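**Q** Mind having a look at this structure? Questions to follow.
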Amino acid sequence: MIPAAPLPQPLSPSRPRWQQAWREAVRDPRELLAMLGLEALADRVSDQAALQFPLRVPRGFVARMQHGDPRDPLLRQVLPLDDELRAAPGFGLDAVGDSLARTGPGVIQKYRGRALLVATGSCAVNCRYCFRRHFPYAEETAARDGWHEAVELIRADAGIDEVILSGGDPLSLATPKLAELTAALAGIPHIRRLRIHSRLPVVLPERIDDALLGWLSALPWPVAIVVHANHANEFDAHVDAALARLRDAGAALLNQAVLLRGVNDSVDALAALSERGYAAGVLPYYLHQLDRVQGVAHYEVADDEARALHAALAARLSGYLVPKLVREVPGDPGKRPL
Ligand SMILES: *Cc1c(COP(=O)(O)O)cnc(C)c1O
Ligand code: SF4
């Protein structure tokens, strides 16, 4: 581990400190490699891949990478490589059928009872394996018109009992913007649960500040927060503290991970992820097979191997530490178990 850089002071007292940490994210692949003592890897970095989907990684996340390790599982999730430019059959642009399931601006409804809001297109980290690398999400978010159309769609459909904030990363929105949404939703009697899908508690734990916790603990519904960590090394004391604060505010914490070649494609890595997450108060939820979008084929683990890994994991761990191994298939009524 390399020591975390000291957190810079906020520019103005009214601007939350996490936004400063957000802006300080590393964006230059060569700077990232220099921080890790990996200058020799520079010729494997793809400028073209970085042009398509820029490198972006918060400094606190870099601090959890192993200095001098070219195969670090966190580095592998964020470094643009030439591998991304190779075309692979079956890897397209909209692998999960989002454009068909859209019911309004930033509203995606695929499954019974649940409306997913694309709250924003922004993320604090750019994960190379993400479908977001191709999607014009930022252009059409549910927050765009002050949430108006999204809220009216939900109000009009009494079958919706759960609202899922997703993205992008919904916690990249400022807290008052989130509060604007939940104030509008609070008047809709058929909503029973709120869910938040966010990688920020893991990649930018500074985001879990007093204002966010105040908002969260005052919400009128049970709240589940589904975080996203793929490897045990993504947790550190800052992340543990952020997660503990979220639990104290009443949120149930779950983790979804993606099965990724070279990151977590071993029983040891997957077991350590479940155990480390649980130590931080997070139960495993899903282990996703990769969405087959262009540029990510080098991360794929074949279905047979995925099933074998999952069976070995189930033979090793307590039942509640075994995530469900699933794939998203367009048209299905839910995530499909493998
Ligand atoms: C994955 C997903 C959900 C949530 O599914 P769960 O199985 O309840 O976690 C909801 N809506 C959409 C559009 C999704 O892709
Ligand atoms: S944080 Fe989530 S949505 Fe954002 S790039 Fe990573 S995987 Fe994709």
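Glycine too: its Cβ is placed from the backbone N, Cα and C atoms.
Features from TrEMBL:
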type: DOMAIN; residues: 109-324; note: domain 'Radical SAM core'
type: BINDING; residues: Cys123, Cys127, Cys130; note: [4Fe-4S] cluster binding site
type: MOD_RES; residues: Lys335; note: N6-(pyridoxal phosphate)lysine
**Q** Show me the subset of Cys123, Cys127, Cys130 whose Cα is within 10 Å of the residue listed as 'N6-(pyridoxal phosphate)lysine'; these are the binding-site residues I mean.
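**A** Hits: none.
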**Q** Taking a cut-off of under 6 Å between Cβ and any atom of ligand 2, tell me which of the recorded positions Cys123, Cys127, Cys130, Lys335 pass.
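**A** Passing the 6 Å Cβ check against ligand 2: Cys123, Cys127, Cys130.
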**Q** Counting across all protein chains shown, how many other Cβ atoms sit within 10 Å of the Cβ of Cys130 ([4Fe-4S] cluster binding site)?
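**A** Other Cβ atoms found within 10 Å: 22.
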**Q** Cys127, Cys130, Lys335: which of these recorded positions put a Cβ within less than 6 Å of any ligand 1 atom?
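**A** Among Cys127, Cys130, Lys335, near ligand 1: Lys335.
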**Q** Quick check: which same-chain residues outside Cys123, Cys127, Cys130 lie with their CB within 8 A of the centre of the [4Fe-4S] cluster site CB atoms?
**A** Val125, Asn126, Arg128, Tyr129, Arg132, Arg133, Arg199
**Q** For Cys127 ([4Fe-4S] cluster binding site), what is the secondary structure state per DSSP, taken as helix, strand or coil?
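**A** Looking at the DSSP assignment, Cys127 ([4Fe-4S] cluster binding site) belongs to neither helix nor strand, so coil.
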**Q** Are there residues of the same chain, six or more positions away from Cys123 ([4Fe-4S] cluster binding site), whose CB falls under 8 angstroms from its CB, and which are they?
**A** Arg56, Arg132, Gly167, Gly168, Asp169, Ser172, Arg199
